[in-house]
């Protein structure tokens, strides 16, 4: 065991470093994760106090808007509440549970650290990084816990079927957990999204814990995790709950009575947790995931965001998510490597081993040990395929089990390549030849993992160009710092008029810019003036207004009320371009480079 410990630590650290690299390389966020990120901002800086104070007093009768401390204009219906979601509610409500937990941890840390040492609230981008780091660590811990459960599961004498003695042995089980971590780290999506505040990321974390409990022989706890995930974060996990729960019942791991009691108690606890919090912040009685389920399943309106072919998850999403490591999944069910190794031995000895080869070919070619674990997850993806609108993040809860199968297949290749070391003194020429073949196949497996790691690094590099809106806001701030002097009373030499002040800036962020990297943390940082590393108290934040798809947020004012505009339109009357941020990256294989094009333009009012 001590010899395997350094390898386990190395795989754990590799997964952590890969996730941190994605977090550091892509600090901005896109529209899919904007709700939880904006909610985390509001809960960190404002907390629940404004919502609680207005619980009985808010009447929605205000007739004018107001500007809050971040520079965003609140609508008339939410004048007393500085919450972004009341102005930009989105299509369906989402829960604040995840954002509340992460922001509460960050607020606790800000209280613990003395302000004279480091004032965390005055560094909004650091707060955003901290909140995403917290989620990353939760994700990392979930994968570690699943790997420990894998080691116990395969180390409990369950690792092979009795008829497969020639293909595996007890030495295979220590490597499954290591290869699970290695394969997960080599891929793109799970390390990259481990720090992104998507409901799917929260569902992935809890699904890993559910799998860990299931592998540890605790089906009721696994069921509780999936019920909680369904009720609070992702209603579509009910499909996974159905398939895994049915498997548990068929295998008699849990009775119908136990399943019912677990579901009812966990469901009640979940509703008591999510409904009061979300109703308080949404200012109406609401169970968010029920409304999401009704929107997708009953109204079937998700197709308004695009549709994909029925088999898209199997033909596109999973191959893209797993890359070449997907080739290891068949190895976990079909004993093809053993067959190739046996052919290598019989080729050297000619007719001497024909009977042995024939006996192998007649033996069972399939290893169905993982089928009870893989089948419910496979069926989850299959059932989800009936929903016309498809995205790879929807099947995040299935990826750990697919990686488990790939790790089992890689462990089989490892055992075939190195099991003969145990009986080195007893090997014959034909065994040596079979070992060479087995090691060749094993190297092919390692090459698949290495190519997947390389491909995921390319994907991360591509992703750095996917946030032109966030970069544009940073560039605008740098431009204004050079354009506006620190002393507002300085006069210009040309027209003897006062120079522009920081507070006179009024920025419009249109929909494309807002969807590609602009967050409230970025707005708070960009609109604040700093001097000697501290916020300049003499100059308040400039004003920022965002457009949105909601009718109330579509900018009906003349664009001339804004001094600067972040937009995807290069030409607007009365404005000139001061910078262009490139985006829309595409990998150009012929030239081995990443092609980009102008995506967001920073416009400034003529004569400003």
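Positions of Cβ are set from backbone N, Cα and C atoms, glycine also.
Here's what TrEMBL has on this protein:
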type	residues	note
SIGNAL	1-25	signal peptide
TRANSMEM	224-250	transmembrane segment
TRANSMEM	256-275	transmembrane segment
TRANSMEM	310-333	transmembrane segment
TRANSMEM	368-387	transmembrane segment
TRANSMEM	394-417	transmembrane segment
TRANSMEM	437-460	transmembrane segment
Tertiary contacts of the transmembrane segment (224-250) (same chain, 6+ residues out, Cβ under 8 Å): 95, 97-98, 199-200, 202-203, 206-207, 209-210, 213-214, 256, 259, 262-263, 265-267, 269-271, 273-274, 289-290, 292-293, 296, 372, 375-377, 379-380, 383-384, 387, 394, 397-398
Of 256-275, 310-333, 368-387, whichever stretch has the most CB pairs under 8 A to the transmembrane segment (394-417): 310-333
CB contact flag for the transmembrane segment (310-333) and the transmembrane segment (256-275), at least three pairs under 8 A: no
Same-chain residue ranges lying at least 6 outside the transmembrane segment (368-387) that approach it to Cβ under 8 Å: 158-161, 164, 214-215, 236, 239-240, 242-244, 246-247, 251, 296, 302, 310-314, 318, 332-333, 394-395, 397-398, 401-402, 404-405, 408
Intrachain neighbours beyond the transmembrane segment (256-275), with Cβ under 8 angstroms and 6 or more residues off its ends: 95, 97, 220, 223-224, 227-228, 231-232, 245, 248-249, 285-289
